[in-house]
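Noted in TrEMBL for the protein shown:
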| type | residues | note |
| --- | --- | --- |
| TRANSMEM | 21-39 | transmembrane segment |
| DOMAIN | 26-476 | domain 'Major facilitator superfamily (MFS) profile' |
| TRANSMEM | 82-101 | transmembrane segment |
| TRANSMEM | 113-132 | transmembrane segment |
| TRANSMEM | 138-159 | transmembrane segment |
| TRANSMEM | 171-190 | transmembrane segment |
| TRANSMEM | 202-221 | transmembrane segment |
| TRANSMEM | 283-307 | transmembrane segment |
| TRANSMEM | 319-341 | transmembrane segment |
| TRANSMEM | 348-368 | transmembrane segment |
| TRANSMEM | 388-408 | transmembrane segment |
| TRANSMEM | 428-446 | transmembrane segment |
| TRANSMEM | 452-472 | transmembrane segment |
Amino acid sequence: MAGGSFVSSENGRQYESKITMYVLVTCFVAAMGGLLFGYDLGITGGVTSMETFLIKFFPSVYRQMKDESNHESQYCKFNNQLLTLFTSSLYLAALVASFFASTTTRMMGRKTSMFAGGLFFLLGALINGFAVNIQMLIIGRLFLGFGVGYCNQSVPVYLSEMAPTSIRGALNIGFQMMITIGILVANLINYGTAKLESGWRISLGAGAVPAFMLCVGSLFLGDTPNSLIERGKTEAAKKMLQKIRGMDNVDEEFQALVDATEAAKDVEHPWKNITQPKYRPQLTFCSLIPFFQQFTGINVIMFYAPVLFKTLGFGNDTSLMSSVITGGVNVVATFVSIFSVDKFGRRILFLEGGIQMLICQLAVGIMIALKFGVSGEGHFSSEEATTLLFFICAYVAAYAWSWGPLGWLVPSEICSLEVRSAGQGTNVAVNMLFTFIIAQVFLPMLCHLKFGLFFFFAGFVLIMTIFVALFLPETRNVRIEEMNKVWKSHWFWSKFIPNDAVTEAHPRMTTA
């Protein structure tokens, strides 16, 4: 079954394609890899705010939270390095895994990496669900981290390579959509299990469900034409290209992929190659976009939301429900990106989202400063709490249609085949490194910077918005194999791109 026919035209070459049901289904199944990352982001903050979990594994945090004779600042209620290590250890493991996943994705295919990611996450969720001590918790988190590292490496690349150029952005954002759905589902599960004696076991162990779904689903996926050609399976690659494009005449596009692969074979060391000057734009964006994505401050909201809301005076039920609300906003706002990214482009979403996030961060920082001050003593009235929640939701919405999905889409679509695995590996490694850092230092930073923490992130949002305005060209409707022409026409990046780099990836092609 196929939908409408599209002709993508870039720089004189035309490739006709249809939106086939096979592509939609395979991309949906692959995007489930985002459920794993999203579920963990959503579940962790809720679990670390459950009293039964704190009593069993972090009794000192529980005593500190309940000790009314202790007049320590509200900002420092949950400041505990072991508690933050529980959260952040996953991202350290994902950082290490991303380097192994890069090689696996290139040599064994994208679907193999997805299966491995699901299997690692499945083991980690089961270990956490049955944990009896802190050591089991940390070991489980490490397995979860390997799962996230493998999925975040392979899924965005898989989606970009399977999708027709005309809807590549929308299908790739399916990964981010699954992340947001995972966060929302985790928040709902936390809300339902919070009052159960061992509710935290259900919350942590339920992560095995999406992991199992991904493992089973990946067995039925076909690998991408790019990956099949890369591994010498040219006949299978052509059949797959015909299948996902919904037509038999794919000779020109297939030849373009073959030529790109032949050029990529000359690259023996993609990690070393990506540091060459002609790949400076790719290395820059694969490094800075994930760095900036973490310094929007979004993961502060996502995996510490219940803790943050409790710190700001919300009750336990209210803090968990507030997390459900922000999770719902996250899902709905991601649809905005899906329907607009291929119509209006990447830049406009980056810029609008950055401006909206900046305003909301400043508003939240000012409200907390006025109510809690430096002492950290205070409480929001119900009207003030509602206003604070509104600004946080507006901030989450802005992220959900800009830096959230585009942080994965843009790095996955700008790298030519010879450096694609290294580029995506860099993207995942930087993302996980700074997710780990933010997770590890957030609670101490909240304790010491107080309301200034929100101004800290607002400053980064301003910097990253200016960076996008000056240096990111529009990549909408540009084939991945043609991306060098975009860099060559840019006012800044053109100085790094030699003239022969624009055509060398397709030496045997002739212009239509």
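Cβ atoms are placed via backbone N, Cα and C, with glycine included.
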Whether the transmembrane segment (138-159) meets the transmembrane segment (319-341): three or more C-beta pairs under 8 angstroms: no
Selected stretch (most C-beta pairs under 8 A with the transmembrane segment (82-101)) from 171-190, 202-221, 388-408, 428-446, 452-472: 428-446
Recorded stretch that, among 113-132, 171-190, 319-341, 348-368, 388-408, has the most CB pairs under 8 Å to the transmembrane segment (452-472): 348-368
Distant-in-sequence neighbours of the transmembrane segment (319-341), which means Cβ under 8 A and at least six residues beyond its ends: 42, 45-46, 49, 169-170, 173-174, 176-177, 180-181, 183-184, 186-188, 190-191, 194, 301, 305-307, 309-310, 349, 389, 392-393, 396-402, 404-406, 409, 476
Residue numbers, six or more beyond the limits of the transmembrane segment (113-132), whose CB comes under 8 Å of its CB atoms: 30, 33, 36, 57, 97, 101, 104-105, 139-151, 153-155, 158, 201-202, 204-208, 210-215, 218-219, 221
Cβ pairs under 8 Å between the transmembrane segment (202-221) and the transmembrane segment (21-39), at least three: yes
